[in-house]
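Enquirer: From Swiss-Prot, for reference:
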DISULFID  C97-C189  disulfide bond
CARBOHYD  N5  N-linked glycosylation site
TOPO_DOM  1-25  topological domain 'Extracellular'
TOPO_DOM  50-57  topological domain 'Cytoplasmic'
TOPO_DOM  80-100  topological domain 'Extracellular'
TOPO_DOM  121-139  topological domain 'Cytoplasmic'
TOPO_DOM  159-195  topological domain 'Extracellular'
TOPO_DOM  220-235  topological domain 'Cytoplasmic'
TOPO_DOM  259-269  topological domain 'Extracellular'
TOPO_DOM  290-314  topological domain 'Cytoplasmic'
TRANSMEM  26-49  transmembrane segment
TRANSMEM  58-79  transmembrane segment
TRANSMEM  101-120  transmembrane segment
TRANSMEM  140-158  transmembrane segment
TRANSMEM  196-219  transmembrane segment
TRANSMEM  236-258  transmembrane segment
TRANSMEM  270-289  transmembrane segment
Amino acid sequence: MDQINHTNVKEFFFLELTRSRELEFFLFVVFFAVYVATVLGNALIVVTITCESRLHTPMYFLLRNKSVLDIVFSSITVPKFLVDLLSDRKTISYNDCMAQIFFFHFAGGADIFFLSVMAYDRYLAIAKPLHYVTMMRKEVWVALVVASWVSGGLHSIIQVILMLPFPFCGPNTLDAFYCYVLQVVKLACTDTFALELFMISNNGLVTLLWFLLLLGSYTVILVMLRSHSGEGRNKALSTCTSHMLVVTLHFVPCVYIYCRPFMTLPMDTTISINNTVITPMLNPIIYSLRNQEMKSAMQRLQRRLGPSESRKWG
C-alpha cells in the first residue's frame, strides 16, 4: 500500500463566488462600501458616547464596547475577502488560516457574552431601578466587559487547540471566503467525528440554548414593562426591541451554522456574508435610529464640531 503523505498543507484555496470578473468587481464595490459604512458607523457611536457626558452610563459604555467589537469582528474577514475579489489566486496560508479562526471565534465569543451583559443591564434597570446604580456601579460593568473579552479568548483558544493536532495532507480547497472552521475540519486527513461532535455540542447547542435564554430574558423584561407607563416605558421598550433585533441577527446565523452536521449547503455563503459583512453594519443603524438619546447626542456633537470647522475654513 502507498504510504499516506502527512506533510502539512501550506495554504488553503477559496472557491470563487462567481466566474465573472465584472460581477466580482461589482461585489467588491458593494462590500467595500458596506465595510466602510460598518467602520464609520460604529466609530461614530464610539466617538459620540466618549464625547457626550450624558451618555456615560453602563448601557452606553456597553454599547460603545459592542461597537468596537463589531469593527474588530468585521475586520477579521472582510479586508481579506475584498482583496480576494480582485485577485485571480484566492489563497490563505495555513498559519494565517489558524490565526483567522482564532480571532474570528475570539470576537464572536466575546460578542455573545457582550449581548448577555447588555441583557443583564436592561433587566436590572427595569426590574430593580432603585438598586440599579449600586448594582451596576463602574467596578461591576468594567469587570463584566473584561470577563466578556476573556471568555471570548478562552473560547477561541479551545477551538484552535483542538484543531492544531490534526494533519492536513491532501485536499485544501474551501467553499467559503474565509477560514470557516467547519470546512477546515473536514479537510483533515484523519477521522474528525469526535471533534465534529464536540464542536456541535460546544458551539451549536450552547449557542442555541444561549439564544433561547436571551430571548426569554427580553420577553420577561417586556412583560415587566407592561406595568410601567409614560415616556420611560416607551424608551425602555424601544431599547429592548433594538437589543432583541441585534440578538436575533447575531444568533440565527450561528444556530444555522453550528446546529447541524458538518456539511456544505447552498445557503452557507449567503449566511456567512450576512453574519460577517452585513450584520456589523446594521448594528449601529439599529442602535442609533431607534434611540432618541443617541440621535440627540450625535446632533449635539455635530453642532459642537460645526463652529470650529467654520473657523478653520473661514
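Glycine is no exception: its Cβ is also placed from the backbone N, Cα and C atoms.
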Enquirer: Have a look at the disulfide-bonded residues (C97, C189) and report the one with the fewest Cβ neighbours inside 10 Å.
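Expert: Comparing Cβ neighbour counts within 10 Å for the disulfide-bonded residues C97, C189 gives C189.
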Enquirer: Which sequence-distant residues neighbour the topological domain 'Cytoplasmic' (220-235)? Criterion: at least 6 residues beyond either end, Cβ under 8 Å.
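Expert: That would be 119, 122-123, 126-127, 292-293.
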Enquirer: Do at least three CB pairs under 8 A connect the transmembrane segment (26-49) and the transmembrane segment (101-120), leaving out pairs fewer than 6 apart in sequence?
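Expert: The transmembrane segment (26-49) and the transmembrane segment (101-120): touching, no.
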Enquirer: Which listed range (26-49, 58-79, 196-219, 236-258, 270-289) shows the maximal number of Cβ pairs under 8 Å with respect to the transmembrane segment (140-158)?
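Expert: Most contacts with the transmembrane segment (140-158): 58-79.
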Enquirer: So, do the transmembrane segment (26-49) and the transmembrane segment (270-289) meet, by the test of 3 or more Cβ pairs under 8 Å (sequence gap 6 or more)?
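Expert: Stretch pair touches.
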Enquirer: Determine which residues of the chain contact the topological domain 'Extracellular' (159-195) at the Cβ level, with the cut-off under 8 Å and only residues 6 or more beyond its ends counted.
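Expert: Here the qualifying positions are 4-9, 11-15, 17, 76-77, 80-81, 84, 90, 92, 94, 97-98, 100-102, 104-105, 257-258, 262, 264, 268-269, 272-273, 276.
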Enquirer: Using DSSP, how many residues in the topological domain 'Cytoplasmic' (121-139) fall into helix, strand and coil?
Expert: 13 helix, 0 strand, 6 coil
Enquirer: Need one number: mean pLDDT over the topological domain 'Cytoplasmic' (290-314).
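Expert: On average, pLDDT over the topological domain 'Cytoplasmic' (290-314) sits at 71.
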Enquirer: When DSSP states are grouped into helix, strand and coil, how many residues of the topological domain 'Extracellular' (159-195) land in each?
Expert: 14 helix, 2 strand, 21 coil
Enquirer: Which residues of the same chain, at least 6 past either end of the topological domain 'Cytoplasmic' (50-57), have a Cβ under 8 Å from a Cβ in it?
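Expert: Cβ under 8 Å, 6 or more out: 64, 293-294, 297, 300-301, 304.
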Enquirer: Give the nonlocal contacts of the topological domain 'Extracellular' (259-269) in its own chain as ranges (CB under 8 Å, at least six residues past its ends).
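Expert: Same-chain contacts beyond the flanks: 17, 175-177, 180, 182-183, 185-186, 192, 196, 199-200, 204-205, 207-208.
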Enquirer: Go through the chain and flag residues at least 6 beyond the ends of the topological domain 'Cytoplasmic' (121-139) whose CB is under 8 A from any CB in it; none is fine as an answer.
Expert: 58-59, 62, 217-218, 220-221, 224-225, 228, 236, 239-240, 243
Enquirer: Could you give the residue numbers and ranges of same-chain residues that sit at least 6 residues beyond the topological domain 'Extracellular' (80-100) on either side and whose C-beta is under 8 angstroms from one of its C-beta atoms?
Expert: 8-17, 24-25, 27-28, 31-32, 35, 160, 163-164, 168, 177-179, 184, 277
